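Quick look at what TrEMBL annotates:
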| type | residues | note |
| --- | --- | --- |
| ACT_SITE | Cys360 | active site, nucleophile |
| ACT_SITE | Cys363 | active site |
| BINDING | Arg176, Thr178, Trp189, Ser218, His221, Arg253 | FAD binding site |
| DISULFID | Cys90-Cys95 | disulfide bond |
| DISULFID | Cys133-Cys155 | disulfide bond |
| DISULFID | Cys360-Cys363 | disulfide bond |
| SIGNAL | 1-24 | signal peptide |
Amino acid sequence: MIMSVGRLTVFAALLASIMQVAFSRGAGDRCFCQVTGNLDDCACDVETIDAFNNDQLFPKLQKLLESDYFRFYKVNLDKPCPFWTDNNQCGMSSCAVQPCSPNEVPEGIKSSNHKYKRRFKVSHPMDFLTVVCSEKTREALQNWNLHDDEAERFCVIDDVESPDAQYVDLLLNPERFTGYKGPAAWQIWNSIYEENCFKGKSFVNWRLGKRAFYRLISGLHSSINIHLSARYLMDDNWFQKKWSHNVSEFQQRFDSELTAGEGPKRLRNLYFLYLIELRALAKALPFFQQSSFQLYTGQPRKDQAHKELLLEVLRLADTFPLHFNENSLFAGDEKEAGKLKEDIRLSFKNISRIMDCVGCFKCRLWGKLQTQGLGTALKVLFSRRQIDDLTKPNVPRPAFQLNRQEIVSIFNAFGRISTSIKELKNFRSMLADFR
């Protein structure tokens, strides 16, 4: 296909900028995206993560995320922004989300929401009340349980029973560059980073908490920027839309010389986020090993095969040799550490609310899913005792629970980070071709 003069000029300018930066370095210089060595706050190195993710975990995880249970996500994209009224909506077709029609979602998924609500069985003294008490009392007991769930969460979860909530096929609505940028997009990220404000008596705990929070947000921001650079709209005409890797865009976001030295730090924060979510998945293994847990879609053979694949992914995650130690961030005074955890929880809940202010609906979809996934990962990390109870035989009703929204989000969120680590390898290869 013949490229227009204007498009050819833009392409030539992009190519020139790439070559200028690439050849400005000596032949022996290491690429800016070749992050190496130990990560701050962790007893792990980048090379170990690259090998583990790219060669072992990534292929299995991607296969799992293509299954029906994980590809259909119920979300409310019509919630109003709770923080400001000037919410400019993206009018481009690339910003739109195509929801599922009723017959596209497996019946088992549509009917499975109730499977993850707490059920009362007459196996505990309190359960007797659910049989003999009035409907009003039973409703109050349900509300108490919902309050308990909400108190444990690090994010706001959409009400899946709302008429505005719709199922979305994540495979048919992939995360990629939509053209949503400028002041509206910057307002979102500025608001997110401004949540990094904690109060505490212990300067050490405050500093560690603030640093960890910033690194998580920066890592998420970096991961999203890698996705947008890897699936960039490179050709848009009457005949086709073509998304592919935009090396120049990647450089603009991460090259040390073009970011005042910040780019490589952002990439290191991506690896930090990877370790956090990998650790959470490994710690959640006892929950998913329960015989009562099923990836229910209404297709018994496939459901069982996918649960076996899920457990294979989690057991592989558990074998990672240099897991992050979350306890190191909250050492010292127990009361002060508890206050810091609560500050982080409330800050992440606010970030999940900010996602309802994103003007691009596809960006809002993936922003809500990834912040919910990170929030669920933090919920897992801070529920060690409750998860340990799952392995004890005489606990009638373990306190730790995950609903379907949390399960779908934590795996897909980690899938996005895993993809970012994999895409870094691709960008390194492309940049090497210009050297």
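Glycine is no exception: its Cβ is also placed from the backbone N, Cα and C atoms.
Those TrEMBL annotations? Automatic predictions, nothing curated.
What TrEMBL annotates, mapped onto the structure for a quick look.
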residue: Cys90; record: disulfide bond; contacts (Cβ under 8 Å, 6+ apart): Thr178, Gly179, Tyr180, Gly359, Cys360, Phe361, Cys363
residue: Cys95; record: disulfide bond; contacts (Cβ under 8 Å, 6+ apart): Thr178, Gly179, Tyr180, Gly359, Cys360, Phe361, Lys362, Cys363
residue: Cys155; record: disulfide bond; contacts (Cβ under 8 Å, 6+ apart): Phe348, Lys349, Ile351, Ser352, Thr371, Gln372, Leu374, Gly375, Thr376
residue: Arg176; record: FAD binding site; contacts (Cβ under 8 Å, 6+ apart): His227, Leu228, Arg231, Tyr232, Leu233, Trp243
residue: Ser218; record: FAD binding site; contacts (Cβ under 8 Å, 6+ apart): Lys265, Arg266, Asn269
residue: His221; record: FAD binding site; contacts (Cβ under 8 Å, 6+ apart): Trp189, Ile192, Arg266
residue: Arg253; record: FAD binding site; contacts (Cβ under 8 Å, 6+ apart): Ser222, Asn225, Ser229, Thr259, Gly263, Arg266
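Residues Arg176, Thr178, Trp189, Ser218, His221, Arg253, recorded as binding FAD, reach a greatest CA to CA spacing of 21 Å. Cβ neighbour count for Cys360 (active site, nucleophile) (all protein chains, 10 Å cutoff from its Cβ): 25. Every protein chain shown contributes to the tally, and the Cβ of the residue listed as 'active site' ends up with 24 other Cβ atoms within 10 Å.
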